[in-house]
Amino acid sequence: MTAQLIDGLALSKQLRGEAAARAAALTAQGKQPGLAVVLVGDNPASQVYVRNKVKACEEAGIHSRLEKYDASMTEAELLARVDALNNDPTIHGILVQLPLPRHIDDHKVIESISPAKDVDGFHIASAGALVVGEPGFKACTPYGCMKMLESIGMKDLRAKHAVVIGRSNIVGKPMALMLLAANATVTVCHSGTADLGAMTRQADVIVAAVGKRNVLTADMVKPGAVVIDVGMNRNDEGKLCGDVDFDGVRQVAGWITPVPGGVGPMTIAMLLVNTLESAERAATSA
Ligand SMILES: Nc1nc(=O)c2c([nH]1)NC[C@@H]1CN(c3ccc(C(=O)N[C@@H](CCC(=O)O)C(=O)O)cc3)C=[N+]21
């Protein structure tokens, strides 16, 4: 028996269709949602991601403003741009593409974004809201993973054990908190974990978010488990691959997400969903 695929591309299209309907309703009231994407420097991967985000906005009827700056831009200049976007009523979401050039403090830049427009969910106010269970923007990648679980009937994870591999601020930590909020029993593993396989073999849900190939192999997976692959790596042939040994693990798992076509498209879909939520909030409070 091989695992069933969780098709992130198909699910993302459905969510983007719903987003388009909500965007059209706002636009009809003269309140078109707007997302600003700020790119500093010429990281080739970032260029591709940013283009995909802008394209997704266009397709959903969300106004997008792409601001591209030279890598020599100063931190003060970037902070001034964010401030202008914070005060721009046509912009409901601000995304500053990471990584930033080394001379710019990304923490400082992220904290300068108004929490009301923090559609990435990276601001301390958004992260804190998730910790205490208050409303706030959820980080797009883990939020998309939760939607994928929901799509296979796993909205409530009571009595399930979820193992997250990775503890980054943008995926691992918020992922663990979202799984916890869905009533899972959560274990967070990382480079300091003594026996990763011993942990993952107990898991009903495994989320791999390390950024290294073959972190999860078939011998580490309980038969029937759900495996979500957040990784974005290149294999020896230069092809995009995740953190999971897909061909091996799919022989054991019950469900698995592919790379590409899994978590990546969901991340973009949730960015649109967050932008809409921000625009809807602004429309009702105005
Ligand atoms: N402030 C900020 N917010 C981000 O959300 C953010 C960021 N910075 N910096 C970079 C990472 C990366 N990221 C991706 C989103 C979608 C795909 C995606 O759609 N991937 C496609 C494949 C794309 C391809 O073929 O290269 C897929 O998995 O099917 C990938 C990567 C968002 N990021």
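Here the Cβ of each residue, glycine as well, is placed from N, Cα and C on the backbone.
Pulled from TrEMBL, these are the features on record:
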type: DOMAIN; residues: 6-120; note: domain 'Tetrahydrofolate dehydrogenase/cyclohydrolase catalytic'
type: DOMAIN; residues: 139-282; note: domain 'Tetrahydrofolate dehydrogenase/cyclohydrolase NAD(P)-binding'
type: BINDING; residues: Gly166, Arg167, Ser168; note: NADP(+) binding site
What other residues of the same chain, not counting Gly166, Arg167, Ser168, have a CB atom within 8 A of the CB centroid of the NADP(+) site?
-> Val164, Ile165, Asn169, Val171, Gly172, Lys173, Val188, His190, Ala209, Val210
Segment-level pLDDT (mean, integer) for the domain 'Tetrahydrofolate dehydrogenase/cyclohydrolase NAD(P)-binding' (139-282) = 98
In the domain 'Tetrahydrofolate dehydrogenase/cyclohydrolase NAD(P)-binding' (139-282), how many residues does DSSP put in helix, strand and coil?
-> 54 helix, 26 strand, 64 coil
Provide the number of Cβ atoms within 10 Å of the Cβ of Ser168 (NADP(+) binding site), excluding the reference atom itself.
-> 16
Taking DSSP H, G, I as helix and E, B as strand, the domain 'Tetrahydrofolate dehydrogenase/cyclohydrolase catalytic' (6-120) contains 60 helix, 18 strand, 37 coil
Given the binding-site residues Gly166, Arg167, which one is most crowded in terms of C-beta atoms within 10 angstroms?
-> Gly166
